[in-house]
Amino acid sequence: MINDVISPEFDENGRALRRIRSFVRRQGRLTKGQQLALDSYWPVMGVEYQAAPVDLNTLFGREAPIVLEIGFGMGTSLVTMATNNPQQNFLGIEVHSPGVGACLSSAHDAGLSNLRIMCHDAVEVLENMIPEASLDMVQLFFPDPWHKARHNKRRIVQTPFVELVKSKLKVGGVFHMATDWQPYAEHMLEVMSGVSGYLNLSEQNDYVPRPDSRPLTKFELRGQRLGHGVWDLMFERKE
């Protein structure tokens, strides 16, 4: 395991700084199918990281609403959404290679042309590659809740991240989060409510019912049978 939670950054004088990441990069073993997908389909759907803005319309070869998903896991839901919404362009980011391979394989089998995949830290992608006010939706489904209190600072949903997402959304664009850990849902709501320029789309100013746009996962169905909850939050950029 490579600990990527803390990564070095440098100030203007070249002094090393510590940056807390929201994930630990686990180099899981690739199956033969996942490796084949990476070798065969990455050149078609994969996007290499670059520290400069990218033209998203050129990336997809067309102009269409753009949905960015952060941390797509094995890609099952992402591929389903891209299949069900051919009128939209989807950009998925995942740091774990087996998930990237699995997603590429599923996307190829589905014959998708509206999906692009990245294997990199999503914060760096947002900071450096995504143009300002270019995204119609950002999706963050079931991020690591970092249950222990001493690890809460590693949660990706923090004020600087939420501000960063807002800057990349178009006015009217939506930041959609979902979690099955109630303390994290409460944390998300507190952070989002403290940032100006967002409108909570919940009528009760808290959580929204799962929209049809977010597929119901097998894990979620199993949790429902056991009485476990899932909390969706949707906030629109209003300015």
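Here the Cβ of each residue, glycine as well, is placed from N, Cα and C on the backbone.
Residues or ranges marked as active site in Swiss-Prot (evidence: similarity to another entry): Asp144. Secondary structure at Asp144 (active site), taken from DSSP and collapsed to helix, strand or coil, is coil.
Reduced to three states, the DSSP call for Asp121 (S-adenosyl-L-methionine binding site) is coil. The S-adenosyl-L-methionine binding site annotation in Swiss-Prot covers Glu69, Glu94, Asp121, Asp144 and is backed by sequence analysis.
Positions annotated as substrate binding site by Swiss-Prot: Lys148, Asp180, Thr217, Lys218, Phe219, Glu220. Under DSSP, Lys218 (substrate binding site) is assigned to a helix (H, G or I) in the three-state scheme.
Per Swiss-Prot, the feature region 'Interaction with RNA' maps to 150-155.
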- Item | Three-state secondary structure, Glu69 (S-adenosyl-L-methionine binding site) (per DSSP) | strand
- Task: Within 10 Å of the Cβ of Thr217 (substrate binding site), how many other Cβ atoms can you find? Include all protein chains, please.
- Result: 18
- Round to the nearest Å and give the CA-to-CA distance linking Asp144 (active site) with Thr217 (substrate binding site). 16
